[in-house]
Structure formats: structure tokens, C-alpha cells
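The structure appears right after this line, and notes come after that.
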Amino acid sequence: MDTCIASFPATSNPTQQPPPARQSATNQPGLPPAHRAPLAMSIHLRAHAFAANPLRGLAGTRSSAAVSPSAAAEALRALLDGADAAAHSHLSRVLPFRRGRPLARSPDPPAPSSSSSPPSPAPPPAWRLAWLPPSRVPGVPSDVFVFLGSHGGEEAAAYWAVDVSEVEGARFGGAGEGSAFVDLRTLMVAADWRDKDAMGELAIAGHARALLEWHNTAKFCGACGAKAVPTEAGTRKQCSNESCKKRIYPRVDP
């Protein structure tokens with residue numbers, strides 16, 4: 001028995017209505033303008049939060065780093081030992097952390113302008129990281145500092161992070177200085193995401209906290225169980241067992 005397959009041309013049904021057109025953000029009946037969906041976000045980010053670290057890129061490649069970790073560590077040890085800072089070409093800036101919170105400060109408010117002077121073009125940033133000289137972080141051995149990177153030309157500054165949670169008697173920040181230890185999420189919410197400098201400092205703080213957390217948790221060698229000691233200015237660790245000497249690199253868990 002032969003099978004006949006018939007094909008019929010598509011005909012339009014006059015009673016069938018076409019699907020309703022998708023309402024655009026500017027054409028939503030029944031909604032006042034204040035409740036209509038915006039066409040696009042007003043903030044266009046070049047990078048995700050915590051992902052635009054300006055120091056990490058410089059320190060990640062040894063050939064392009066302004067200051068090597070070994071040179072920065074040597075200068076830091078000299079400064080902590082009380083040597084004259086002018087004798088060293090590398091400036092050092094330290095970011096203290098306490099229980100995972102970086103030290104942040106409120107920038108000085110702008111001076112009140114007279115009625116004749118034009119208004120300020122933009123308000124000051126909500127916060128900045130409170131970088132301190134090594135002399136403001138007493139009682140902390142040099143091998144606890146973690147090298148974050150460097151920035152600048154010939155007189156490049158070396159940036160460090162240090163956990164001062166267990167440092168007794170040390171006072172960092174306060175109401176009089178306009179600085180305090182602030183949670184990273186709070187800083188992220190308070191930051192102006194259009195401010196490239198603020199987003200860069202937020203990324204630096206996030207990278208520094210991750211490294212300090214890794215140092216606090218990776219205290220022993222995974223191969224033999226011996227103590228792991230920091231090396232190369234805290235950028236990695238090495239097993240203290242002479243028969244092992246396994247190199248341990250940072251692992252940052254999400």
C-alpha cells in the first residue's frame with residue numbers, strides 16, 4: 001500500500017492574533033516612569049570587584065617588577081632594625097589587617113569654599129586604605145610581612161600586608177585619626193565603582209587578605225608534615241625538613 005504524504009501551504013488564520021510585542025523599558029503601560037525597568041546600568045565596570053589589582057600585575061612578572069621581593073625584603077629588614085630610611089632607595093608601605101579586616105581611613109574633607117569660589121567638581125572618596133610606614137607597626141618580625149608588589153619608577157614603593165590580630169599593645173587607627181579596621185564587604189559597598197583608584201585599592205585589599213589567610217592555614221608541609229616557613233618575602237613557603245624542602249605556593253580558596 002502506497003503512502004501518500006501531502007503538503008499544504010501555510011495559511012494565515014484571520015482569527016489568530018499575533019503574540020504581543022515585547023514591551024520596552026520606555027514603553028510599559030500601567031507603570032509610572034519611576035517604576036519602569038532601566039534600559040542599562042549606569043555603571044560600566046572594566047573589571048570585577050577584587051580583580052583589578054594594579055600591584056599584582058607588576059609583581060607577577062619578575063622582569064617587569066619595579067622592586068624584586070628579595071630587594072624589598074632586605075630594605076624592610078633594615079627599616080625594622082632602625083636603619084636610616086634615606087640609606088635605602090625603596091620606600092615601604094604596610095597595610096595592617098586585624099581578623100581579616102584591612103585598616104581604612106576617611107579622607108580629609110575638602111576645605112569650605114567661599115561663596116565666590118566655584119564648587120568642588122566631585123566629592124572626596126568615601127575611603128582609602130591606610131598605608132603605614134614600617135615604624136608604625138612595632139613588635140612584628142620581618143618574616144611575617146607579605147610582599148604585595150611595587151609601583152613606581154626608580155624610587156618605587158614596596159607594598160606589604162601584615163596580620164596584627166595577635167599583636168598586643170599596638171594601636172592602629174582610631175577616631176582621632178579617622179581610620180579603623182573595616183570588613184571588605186563594607187568597603188565594597190561604600191566604594192564608588194566609577195573610581196578607578198578605589199577599585200584598585202579594593203582589589204589590593206582582597207588579594208592581601210587572601211595571602212594572609214593562606215599563611216594562617218598552610219602552616220605545615222603536605223608531603224611530610226613538617227613546619228612550612230615563609231620565603232621570598234612571603235610570596236611562597238618551603239618545607240623546613242632538610243630531606244623534603246618542598247616548595248609550597250599560595251592557594252586561594254573561593
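Keep in mind that glycine also has a Cβ here, set from the backbone N, Cα and C atoms.
Whatever TrEMBL says is automated annotation, not expert-curated.
Straight from TrEMBL, the features:
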type	residues	note
REGION	1-37	region 'Disordered'
DOMAIN	92-214	domain 'NADH pyrophosphatase-like N-terminal'
REGION	97-124	region 'Disordered'
COMPBIAS	107-124	compositional bias 'Pro residues'
DOMAIN	217-249	domain 'Zinc ribbon NADH pyrophosphatase'
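Residue counts of the domain 'Zinc ribbon NADH pyrophosphatase' (217-249) by helix, strand and coil are 1 helix, 12 strand, 20 coil (DSSP-based).
As a whole-number mean, the pLDDT of the domain 'NADH pyrophosphatase-like N-terminal' (92-214) in this prediction is 82.
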